[in-house]
């Protein structure tokens, strides 16, 4: 990642800390991966605190594929089958079947309905019957070990919300440009600044976690 673009957001460790602070304050975070991977920026929010307004922003400026990042434990709790048995996608993204809240929604498409679905899926006592399948929210299963196991936006989301003190569940969506193309780092950073989001890279988070685990050992 071009460090010049990121310099105004501090060092790698400062960027992670700023991201955690943003989540604790109920704000979003722009998570960038490497140029030689997807080369994309994802807007992420803690599932517990995401507002209808934030969901609307995500739908308006994102790819439209609003994803709910979950742990394997939560996936099993909700009895969500993986979308395919043999995942042949380029980066092995862990999509499950799509979901909709069983109660409290209309068509499931609106920002309010999608937030209702997210809330239903992450509730402490959530059970499979609380969700209909298919739906308009796309759960993603994170790999155990987070970004130290797989350097994806899914794992970064779970790591960040967990480090910030929330349940291990977060919402993400890729940022797109107005013409429908994928936003790259310069556009992602500009968008984050306009919408009071922190900016962090997956590389930052890997370094941060490794250092903290080294100190703890």
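Glycine residues also receive a Cβ, built from the backbone N, Cα and C atoms like all the rest.
The D-ribulose 5-phosphate binding site annotation in Swiss-Prot covers 37, 38, 42, 150, 151, 152, 153, 154, 174. For 38, the entry in Swiss-Prot reads Mg(2+) 1 binding site. What Swiss-Prot records for 38, 153 is Mg(2+) 2 binding site, and it gives sequence analysis as the kind of evidence. The site 'Essential for catalytic activity' annotation in Swiss-Prot covers 136, 174.
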Legend entry - Among 42, 174 [binding-site residues], residue with fewest other Cβ within 10 Å: 174
Legend entry - residue 151 (D-ribulose 5-phosphate binding site) in three-state DSSP notation: coil
Inset, instruction - Whole-number Å only: compute the distance from the Cα of residue 153 (D-ribulose 5-phosphate binding site) to the Cα of residue 136 (site 'Essential for catalytic activity'). - result: 20
Inset, instruction - Would you count the other CB atoms within 10 A of the CB of residue 151 (D-ribulose 5-phosphate binding site), including those on all shown protein chains? - result: 19
Inset, instruction - Give the number of CB atoms, excluding that of residue 136 (site 'Essential for catalytic activity') itself, located within 10 Å of its CB. - result: 20
Legend entry - Minimum Cα separation from residue 136 (site 'Essential for catalytic activity'), reported as the residue among binding-site residues 42, 151, 174 that achieves it: 174
Inset, instruction - Tell me the Cβ neighbour count for residue 153 (D-ribulose 5-phosphate binding site), meaning other Cβ atoms within 10 Å of its Cβ, over all protein chains shown. - result: 30
